[in-house]
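For reference, Swiss-Prot has these:
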| type | residues | note |
| --- | --- | --- |
| BINDING | C304, C308, C311 | [4Fe-4S] cluster binding site |
| COMPBIAS | 614-623 | compositional bias 'Basic residues' |
| DOMAIN | 290-560 | domain 'Radical SAM core' |
| REGION | 594-623 | region 'Disordered' |
Amino acid sequence: MAFIPTTRSEMHRRGWEQLDVIFVNGDAYVDHPAFGVPLLARWLEKHGFRVGVIAQPDWRSVEPFMALGRPRLFFAASAGAMDSMVAHYTPARKLRHDDAYTPGNRHGARPNRATLIYTSRLKEAFRDVPVVIGGIEASLRRFAHYDYWENRVRRSLLFDAKADLLLYGMAERSMLELAQRMGRGESLADIRGLRGTCWVEKAGHHLTDHLEIPCFEECGSDRLKFAEAFRLASREQNPYNGRTIVQRHGDRLLVCAPPSLPLEEAEMDSLYALPFEKAPHPSYGETIPAWEQIRCSITSHRGCFGGCSFCAIAMHQGKLIQSRGQSSVESEIRELVRKPWFRGSISDIGGPTANMYGLSCGDSAAMKCCRRESCLFPKQCRHLIVDDRRAVRLLHAARDFAGVRHVAVSSGVRYDLLERQPAYCRELIAHHVGGLLKVAPEHLVERVTMLMRKPGLAVFERFLSRFREESRRLGKPQGIVPYLISGHPGCSLADMLELALALQRLGLRVEQVQDFTPTPGTCATCMYYSGIDPETGEKLYVATSDREKGLQKALLLGHLPGERKKVLEALALLGREELATVLLTAGRSEAVSAKRPHSVGQGVIHPGRERKAGRGKGTKKAR
């Protein structure tokens, strides 16, 4: 099967003079289901549509956007697998100098606010052709949202981009129905109420059975109204009971239909059976780091019911787990093993959270009226069926393939869930670690983990004890590398000191700490901007200055010479100078240097891996 056309000559080789849908993408074109635009393009192609891809066009002129001509139906624009601002800037708002989704890892192949810029250029090139926007950037900016890089509330991206329709979430259903209806002659302006979409109406337009949340103007001027808008919208994310949401922007209305229904197992299997080339487009002469990272990985499912407050998965993929069948996964492994570059190691079998594969709610009636954002917090839902047999069978099958030497589970596990999955836990420790297990407690102080919607210290200690005991029993020299966040809303300098002392007591040391980044669409970002917990209304302490955020981070890195001055300053502020000798010595440690991925809950190589790069060889991550 050939690549999706990217040039006129590739179109002509297929005998095509015009395409039905043209995708414009901020990432390089890698024909693999781990990348959203190629997945949707192949999905439409399967259903008889002629599609093309314009990857990373030069936005400084209009000509690159005209490369494939005028589509018969519409353009579909996406910033790529990450929000373009997250991709371009560090948590300190400093410009990055690399881009894993670009050949040669080069920065600068897409603009800031790429969805907005692409839409503007497409409208300039073909004013009368509809432009549909989607992807993580559009999804998480679909309502009025706080923008960290401008430190203000911005309008829905649909208004700023002046697009015709916004598709949010995993868009296979909405994209296909839109193309089919337009293909039958319907005007996009007449297609309203399609699940998983947002559109604009004039004020006064009559809508039934909807929820109106505080308007853009209120959100921009009143932080409590912003928190209220977030709280109301986040409770409508269950596709079975979510209502249409309306948010006024001046004299117009943003209308957001309920989320798309989840895919059934057979539909998931059919997606991953599409004829992908499983390679970057041959026009690229340099390697694409994101492709190198995932080319030996397998997506087993999508969705996550953890509901971490700093993570965007729930607002994008949803909390309902959509799993592939084992035979579908086995078919992909069989294909992978035949690749000439495959060397025997599968780098990952998983999703956003690997040990959620095959899990579901045990009460369909309860599920369809549920408004919980997490099935695990504040305590595990009594309706959740936690059965690890299906996941264990999948891992066994993967290891048994001829030509497979090792299977990693590097997309992360929830260690609180592992307490009810003893067989899976044993499998993980015995066969799928290979040296270091990266775990993501994010914090260990209860008042902070509660705000993060994460398990607390006691749960982590039980997991750590079990991991060490099982590793010793197996004679495996395995260790733990903890992932931690500094500067999270509600976290004070004293909390970070308490965390640092807990790590010392547990014999753990970190080499990288993630400074909290307020990314659009998350609960933690709402906390950061509003200064309150949107669920309880409790006022929160929020570290906003670069100085304090730097001090929080330094308290966990006292063994590094470059952080010594900041550690001493932090201890002086807390009146705890006597702890200097404790924090400024290396101490016992299981950890080695492990670079943390540069986003929390935003970067996505594919449906199922929200954190993308920097995992050392032979390492896995647990949440």
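Even glycines carry a Cβ here, placed using N, Cα and C.
Residue environment of C304 ([4Fe-4S] cluster binding site) contains 29 other Cβ atoms, counted within 10 Å of its Cβ in all protein chains. Cβ-based neighbour count (10 Å, all protein chains) for C308 ([4Fe-4S] cluster binding site) stands at 26.
A mean pLDDT of 95 is what the model gives for the domain 'Radical SAM core' (290-560).
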